[in-house]
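In TrEMBL this protein carries:
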- A:Y108: active site (ACT_SITE)
- A:D149: active site, proton donor/acceptor (ACT_SITE)
- A:H250: active site, proton acceptor (ACT_SITE)
- A:N7, A:E34, A:D149, A:N151, A:D249, A:H250: Mg(2+) binding site (BINDING)
- A:4-250: domain 'Endonuclease/exonuclease/phosphatase' (DOMAIN)
- A:N151: site 'Transition state stabilizer' (SITE)
- A:D220: site 'Important for catalytic activity' (SITE)
- A:H250: site 'Interaction with DNA substrate' (SITE)
Amino acid sequence: MRIATFNVNSITARLPRLLAWLESSGTDVLCIQETKCTAEQFPADALKELGYESAVNADGRWNGVAVVSRVGLDDVVKGLPGGPEYGGVQEPRALSATCGPVRVWSVYVPNGREVAHEHYAYKLLWLAALKAAVAEDAAGDRPFAVLGDYNIAPTDADVWDPSFFEGMTHVTEPERAALAGLRETGLADVVPRPLKYDHPFTYWDYRQLCFPKNRGMRIDLVYGNEPFAGAVKDSYVDREERKGKGASDHAPVVVDLDL
DNA sequence: ATGGCCTGATCTTCAGGA
């Protein structure tokens, strides 16, 4: 089966390209982030016409995650159990579901904004809650993976210029320690191969020609347990989807599984 | 290719993204 994760930066703005990509890529299960819509606005009907069921956790113009699947979609849990609030509310940043033989999460980890910002502390709390919430499934025998926009570059090799990011979020030691904490539960970073250049970046800022210059970051990650990682046949960043008009600022990460 | 960001709402200006 083919499973992927994609921060679409508004599913409404991305819908024509998203539907075309689902068909051309032959993706069976897609974890989506930044739907930027209400649950009512989510295009479940258009996806149903392509044969995909949808599970959505979204509440408006910010955030929002979903899982769409054509191989089953069961036991949906919306939200992050035990997750922190921001601004007095639980933001829609997580959803888990069982799709055929695999249990998956679609996660949109808080950005953090700046290291001194309240949002950064929230980011670390959110990641601690994620670790606690996934630990049991991560240690289990069923193929399990947490896919999404982690808003963290795991190593300095995962940003186009480490000196550019000094003092900024996404590369700090506490954020990388939170990723290490997730790995302690039994999850492994399923690193995709790039289709061009040396680094499998998944995000390039819209500004200043970052994509043509390959000034990117690898922040969209697939963390899978041993039954999942052991079934991986191939994984790659579909940078073709970052090109042209109407592209997201992220590219899909695709994983092929022997399942 | 000779370029220099995009999204949706508070809607002509802004917050947020990272």
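Keep in mind that glycine also has a Cβ here, set from the backbone N, Cα and C atoms.
TrEMBL does not curate its annotations; it predicts them automatically.
Burial estimate for the recorded positions (A:E34, A:D149, A:D249): highest at A:D149, by number of other CB atoms within 10 Å. Neighbour count (other Cβ atoms within 10 Å of the Cβ, all protein chains): 25 for A:N7 (Mg(2+) binding site). Checking each of the recorded positions (A:D220, A:D249, A:H250) against A:D149 (active site, proton donor/acceptor), the C-alpha distance stays within 10 Å for A:D220, A:H250. Same-chain residues that are not part of A:N7, A:E34, A:D149, A:N151, A:D249, A:H250 yet have a Cβ within 8 Å of the Cβ center of the Mg(2+) site turn out to be A:N9, A:Q33, A:Y108, A:Y203, A:I219, A:D220, A:S248. When secondary structure is read from DSSP and collapsed to three states, A:N7 (Mg(2+) binding site) falls in the strand class. Candidate recorded positions: A:Y108, A:D220, A:H250. Nearest to A:N7 (Mg(2+) binding site) by Cα distance: A:H250. For the recorded positions A:E34, A:N151, A:D220, A:D249, a Cα-Cα cutoff of 10 angstroms around A:Y108 (active site) retains A:E34, A:N151, A:D220. Averaged across the domain 'Endonuclease/exonuclease/phosphatase' (A:4-250), the predicted model reaches a pLDDT of 96. If you take the Cα of A:E34 (Mg(2+) binding site) and the Cα of A:H250 (active site, proton acceptor), they are about 11 angstrom apart, rounded to a whole number. The two recorded residues, A:H250 (active site, proton acceptor) and A:D220 (site 'Important for catalytic activity'), have Cα atoms 8 Å apart. Rounded to the nearest whole angstrom, the C-alpha distance between A:D220 (site 'Important for catalytic activity') and A:D249 (Mg(2+) binding site) is 12. In this view, A:D220 (site 'Important for catalytic activity') is surrounded by 26 other Cβ atoms within 10 Å of its Cβ, with every protein chain counted.
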